[in-house]
Amino acid sequence: MGPLVWWTLFSSTFLCFSDVVSGTTTNTVNLSDQFETQTYIIRVQNNLKPSVFSDVEHWYSSTLKSLTSNNLKLDHEKTQSRNSKEDFLHVYKTVFHGFSTKLNQQQAEEIKNRPGVLGVYIDQVREIQTTRSPHFLGLTATGAHGHKANGLLKGSDYGSNVVIGILDTGIWPERRSFHDHGLGPIPSHWKGECMEGKGFSKTLCNKKLVGARYFPRGYTATAGIINETTEFRSPRDSDGHGTHTASTAAGRHIPNASLLGLADGVAVGIAPKARIAVYKVCWGRGCFDSDILAAIDKAVEDGVDIISLSVGAAVTPYYQDPIAMGSFGAMEKGVFVSASAGNEGPGIMTVTNIAPWITTVGAGTIDRNFPADLILEDGPVIKGASLYSGPPLPENTFFPLVYAGNLSAAVHNGNVTYPKRSGSSTGFTSAICMPNSLQQELVRGKIVLCDRGGVPRAAKGAVVKDAGGVGMILANSSPEGSGLVADAHVLPGLAVTETDGYAIHTYLATSKNPRAKFAFHGTQLGTKPAPVVAGFSSRGPNLESIYIIKPDMIAPGVNILAAWPDNVSPTGLSSDPRRTEFNIMSGTSMSCPHVSGLGALLKGAHPDWSPARIRSALMTTAYIHDSAGRILLDEVNYNTSKAWDMGSGHVNPQKALDPGLVYDLTVDDYIDFLCASNYTRRNVRSIARRPVNCTSKGLKPWDLNYPSISVAVDQSKPSKTEIELRRTVTHVNDGASSYTVKIENPVGAIVVVDPPKLEFTQREEKKSYVVKIVTQKVALPPGNTKSEFGRLTWTDGNHMVSMPIAVTWQESY
């Protein structure tokens, strides 16, 4: 069964869940309703440029001017002369050859057939997706999980010679997290610059913040002008997301950090001496591919070593995804690309940024929590989570407790009848506490129970507060289950699980006078079990290729404290007057920069390592057991998680420094994988930027030398199926080593490795082995697919080089 069948079976689950994990939201744009023309990204094979043109811009411009109905406009202004840069939004020269411009549909169809044009893509909008996590990862003086502390930090000089490119909402450069005291000279390979703009001068860059650029042209061409009363037309951050991710990846050591007294301690990024280069690609209404691609192109030209990309969108084939293609070009230049897996969990096949040359990061919890209790007057104490730190309600006073679904202003005004939610709501919009949905007379002086979903979590509290409520309970609904995300609410409030939400409903239905109060317990350390796969973290299998397990790994992504701008409240709400130097956020947007920072440390310790080696070291040393010794649990239901949820496991930085063996990959290996995936020569050429002959390859997609194994079994074949695949490992230690293999078989399959022992005598020696997977027919559940998981581990007594195995049985189509 190919990717199309997987999409047919599961697309209904892919974008069903719209809860906003970070507490802020970005609206998508209906392009066709706004303009007759829209933005396209044009992929070009530059070596086909006719000699009559002096440069590629001349060629591109001439091509545009020759189009039928040539009335190209940019921001509604006419384009000018030959080779005018006003013909283009962006010209891409480094990781992607081509340009972006505005075209009508007729022109877009016409340009597809011009010589040298490899592809034409509609500009797509994407959305943006610490005092404890470095300790949790073993990157502090005390260490964690029994590892020797500081080995990776010292071995890499804290990432001092590495530049991390942060593609996000910009940065607040004055934050102490970005000071350059004690840093040495800027790495000699850095060629970037500091762009000036509104509220941002060149002097704000330093030896820490070595570069800053902003990319608004794709955004303004589609979404309209930037509102400069609320946003900065410059690298300055007016959202907070970019400042948070930048300091998570590479913030300096800052003592006495906290969010309004919570999570207090020393704030520090993963690679505290790594240099930061900021590329602002996200604005008030989203992040457009044309701008993201321009930032990737410029970042690689500038000399970044790492790209951190905490944005995502719906999955498309690699040859139709400009960001996947741009990331391929970055990988080709030796740049490690880390990207967020998405926040659409726990639905299956929701993982995004899935190209095999991108390191895809899911989210896990850490051993820190912010507990809060809901105390029912004549019922149980219900455990929840909250970052509320404001004035408490009177300690010994119980307040009336009501459900928002019964408080609709429209319903009680007799205007509208709303469908019921989970059998208990008389007003859907009021149930989720939409703005202006609650009747003040029914809310005033009460604690209100709101359902999760529809609007940002913290915004629900503001709705309750505006209606006169004294407190808010936010109850999970399917599919969030037991996954709790704490928020800095504007009034006393907490989050509870789906099960506890039902318990509160039962209490409301059975009590004659339901009343409740809160108890907030601040910061709690040593939470167990930890880590747990975050409920919101997007899951596999990989929508485009089941043969590549995604996400690759998980990293800390829940309740992460990092730097925050001066002009943004901790909730992101304009009505919230509070300001803080640090904020706590959750999402795969937070786990991604953890891995970006780890990539910087590994690059600093091993300057010659390829992006594939860095990813391999992180994946093969990842652990799958929590602090209690059990296989990592899934926060949704606290059942055992699978490779579709956690990939290879949770990152283990100290082990990754010395992985023993790595699975390396070259550009040609990825091209072979694309050929084996039945991509056409034109498809592959669109990605690789060069002609490719796939006909003589004879490879299978599962033969890509990836540090995980995933195969699919066709149930229409005989009862016994055998699949063979090959892997090659590189010895990255000095001296001789002898590795033996250990297999944990997936249920219904037998895995045999030949040879079962690998002998190495020197560094950089390579050895190959064959994996044979023998399966029997199995009974398939509804949906006609079933996956089972195992593990393959090479060990020399000191190193454990491990990878997950996924076997999926499916009906033939």
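Every residue, even glycine, has its Cβ placed from backbone N, Cα and C.
Keep in mind it's a predicted model, so treat the numbers as computed, not measured.
Residues or ranges marked as signal peptide by TrEMBL: 1-23.
What TrEMBL records for 159-627 is domain 'Peptidase S8/S53'. Note on the domain 'Peptidase S8/S53' (159-627): mean pLDDT across this stretch is 93.
Sequence annotations record features per position, and here TrEMBL assigns active site, charge relay system to Asp168 (among others).
What TrEMBL records for His241 (among others) is active site, charge relay system.
Residue counts for the domain 'PA' (424-504) by DSSP state, with H, G and I taken as helix and E and B as strand, are 25 helix, 15 strand, 41 coil. Feature annotation from TrEMBL assigns domain 'PA' to 424-504.
Look at TrEMBL and you will find Ser589 (among others) tagged as active site, charge relay system.
Look at TrEMBL and you will find 703-807 tagged as domain 'Subtilisin-like protease fibronectin type-III'.
A simple way to gauge crowding: the CB of Asp168 (active site, charge relay system) has 30 other CB atoms within 10 angstroms, across all the protein chains here. Each residue contributes its Cα atom, and for Asp168 (active site, charge relay system) and His241 (active site, charge relay system) those atoms are 7 Å apart. Taken through DSSP, the domain 'Subtilisin-like protease fibronectin type-III' (703-807) splits into 1 helix, 66 strand, 38 coil. In this structure, the active-site residues under consideration are His241, Ser589, and the one with the smallest number of other Cβ atoms within 10 Å of its Cβ is His241.
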